[in-house]
Amino acid sequence: QLTPSSFSRIGQLSNVDLNEDIHELETEVPRQRPNEIPHNEKLLSLKYESLDYDNSENQLFLEEERRINHAAFRTVEIKRWVICAMIGILTGLVACFIDIVVENLAGLKYRVVKDNIDKFTAKGGLSFSLLLWATLNASVVMVGSVIVAFIEPVAAGSGIPQIKCYLNGVKIPHVVRLKTLVIKVCGVILSVVGGLAVGKEGPMIHSGSVIAAGISQGRSTSLKRDFKIFEYFRRDTEKRDFVSAGAAAGVSAAFGAPVGGVLFSLEEGASFWNQFLTWRIFFASMISTFTLNSVLSVYHGNAWDLSSPGLINFGRFDSEKMGYTIQEIPIFIFMGVVGGILGALFNALNYWLTMFRIRYIHRPCLQVVEAMLVAAVTATVGFVMIYCSRDCQPIQGSSVAYPLQLFCADGEYNSMATAFFNTPEKSVVNLFHDPPGSYNPMTLGMFTLMYFFLACWTYGLTVSAGVFIPSLLIGAAWGRLFGISLSYLTKGSIWADPGKYALMGAAAQLGGIVRMTLSLTVIMMEATGNVTYGFPIMLVLMTAKIVGDYFVEGLYDMHIQLQSVPFLHWEAPVTSHSLTAREVMSTPVTCLRRIERVGTVVDILSDTSSNHNGFPVVESNPDTTQVAGLRGLILRSQLIVLLKHKVFVERANLNLVQRRLKLKDFRDAYPRFPPIQSIHVSQDERECMIDLSEFMNPSPYTVPQEASLPRVFKLFRALGLRHLVVVDNRNEVVGMVTRKDLARYRLGKEGLEELSLAQT
């Protein structure tokens, strides 16, 4: 019973742009926002889809591949290298832009506040300076938080968990859009200038990934422009490989560590890996760090002296002054244990805080208010600590950027101010390289304590910001404190140099929070420019990881779990051999016949209760006695393209040839395939027949229903599948294994636990 108005509504829908269409549907339902959102971490969200990493080898694909000769394959390979070079160059340039803007804006802010403090120290009324500092911070952070909360919420945080999920094969909405990149870059600049306890290194990884996804597709959906280049790469397989190159280029621009970038991509990200890919990723990383180096060197006025390979430069550590002896190894291991415990504490606190945020602070305006509050509190804490500190050091021979005198004698500066009154990167380098005796133990202890809680409170705010630098800073502070107390105990012997212990403390703290081992060791080695520290850094990181994992998991894994993402780890849970594919799979499966009625296809696709994305195709014999064996697999996106191009014929003349589609038609619709609601099929067309045989993948991966869970898991994870069909011994479809079916099983405290699935 359709009224005319609803007819015109359907007519409008068929040609509206997708995004507007979705907004229209959203606005019709009035949404009441609850004050508390119940959140349970033992859930998996159904809103995340998998990437189609596995190519659909249908007849179109095979015909195209057969047409391509050797020379054409070579040009494709050359294009891949060109794209990797462009990824490197652009990532390096974005990093330069962030660095230069932050340096100038932060410098301006600190100069204004410093002049103000110097003025009011003389004549009293320092509370005005505090007000100025806090207001400056809060207003800058407000802008940074507003753009993230209201324009693109995916840009919040460091973006490493999101990229980790993407490389794991989970499609996270909007994560590699141009809009996200713009918001990310502006947000990072504003939150670092706003004086929050954050770094600009983590977001570089996300930025690199967005750049990679954008360049490799040769078009931008945000700008609605199609540049008609690189069309061959418009599928998830290629895009995901390029994104891993972009992530590596981001690491390499952030730390000046190309090898560390490749290893980061390998350790944290890509599931599927081959030699050529590794070599291309390394190329992209090298280009990225070289670009950053040359541009920054020109900017700093010494064009031929390539001295700033990364956004953070730990400075040179000399082996002569700062070698280590064999009896220090136990001390380093002990520092690793401390780092693991502190990291676990950090993660546990952040976990409870994030749970609280998910439940209560879910409105954008509240998120902005919270970010401003944190910014003001950070400035206040810094000011009060500097005000109360009586730790004065002579200015002669020290390299402090903004020395604050306050109540110190002339020619002296307040050493608490070097830690708080600076960007975190500079503070880290100061803690590594200032000569012994630059810091009072009391100053360092208070600073570590305050900064630990500030950094913990800041991570997870609705601003784009990384956690790398704050954790390095916390670790460097307590490491230096540790070194000073050691030299007290050993009566100032030569080997207890505080800078060396600051480095080990930084490694221990960072390892205890993020739990990366291989890539972090190499990144720290490359950033310090010293191979001799490789062994102690490795020991420290291993110890921190082992100790931390005993309590809670790493920060990134924890945030992935809190967002209920169906993330697949390297291995199936250890105790899962008792489960078989029959217990894991989803049933019943919606199958299509090889020659199917259009109406049936439309109904199946429109059914919102079973939002499937892959459909097994079975033999379509009218004779029911025959076995309906599996013939292939077809994806929702392919069916939608077929319906959109109206590739079907009337029932009467089945021997007529259907409209030929090219693979290009599928590529042009990628990555945002229209929803089924926007495709209009008339009543006559519903009676037509559609032949799926040349579009379906005739050789999908299948497993017998007796296969054990680890075996199914291994196949699924290693090949980056999205659908795995379960068949019985007569090759009939009995079930389907998707990512959610495998990610449901997790090792908990009591053994194997099964998560429930939720629509949120």
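Yeah, the Cβs are placed from backbone N, Cα and C, and that goes for glycine too.
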Stated TrEMBL location of transmembrane segment, expressed as one of 277-299, 714-736: 277-299
Under 8 Å Cβ-Cβ from the transmembrane segment (467-489), and at least six residues away from its ends along the same chain, one finds 158, 197-202, 254, 312, 331, 335, 338-339, 342-343, 346, 419, 424-425, 427-428, 431-432, 436, 439, 441, 444-445, 447-448, 451-452, 455, 458-459, 496-510, 513-514, 555
Tell me, please, if the transmembrane segment (242-265) and the transmembrane segment (81-102) are in contact, taking contact as 3+ Cβ pairs under 8 Å between residues separated by 6 or more positions? yes
Would you say the transmembrane segment (501-525) and the transmembrane segment (442-461) are touching, if the rule is that at least three C-beta pairs must lie under 8 angstroms and be 6 or more residues apart? no
Go through 130-151, 181-199, 329-353, 501-525, 531-552 and flag the stretch with the largest number of C-beta pairs under 8 Å relative to the transmembrane segment (81-102). 181-199
Ranking 181-199, 501-525, 531-552 by Cβ pairs under 8 Å to the transmembrane segment (329-353) puts first 531-552
Same-chain residues at least 6 beyond the ends of the transmembrane segment (181-199) with a Cβ under 8 Å from one of its Cβ atoms are 94, 97-98, 101-102, 105-106, 109, 133, 136-138, 140-141, 143-145, 147-148, 151-152, 155-156, 159, 206-207, 210-211, 214, 312, 374-375, 378-379, 382, 423-425, 451, 454-455, 458-459, 461, 463-470, 472-473
Contact set of the transmembrane segment (531-552) with the rest of its chain, CB cutoff 8 A exclusive, min separation 6+ beyond the ends, reads 317, 319, 323-324, 328-329, 332-333, 335-337, 339-341, 343-344, 347-348, 351, 503-504, 507-509, 511-513, 515-517, 520-521, 524-525, 558
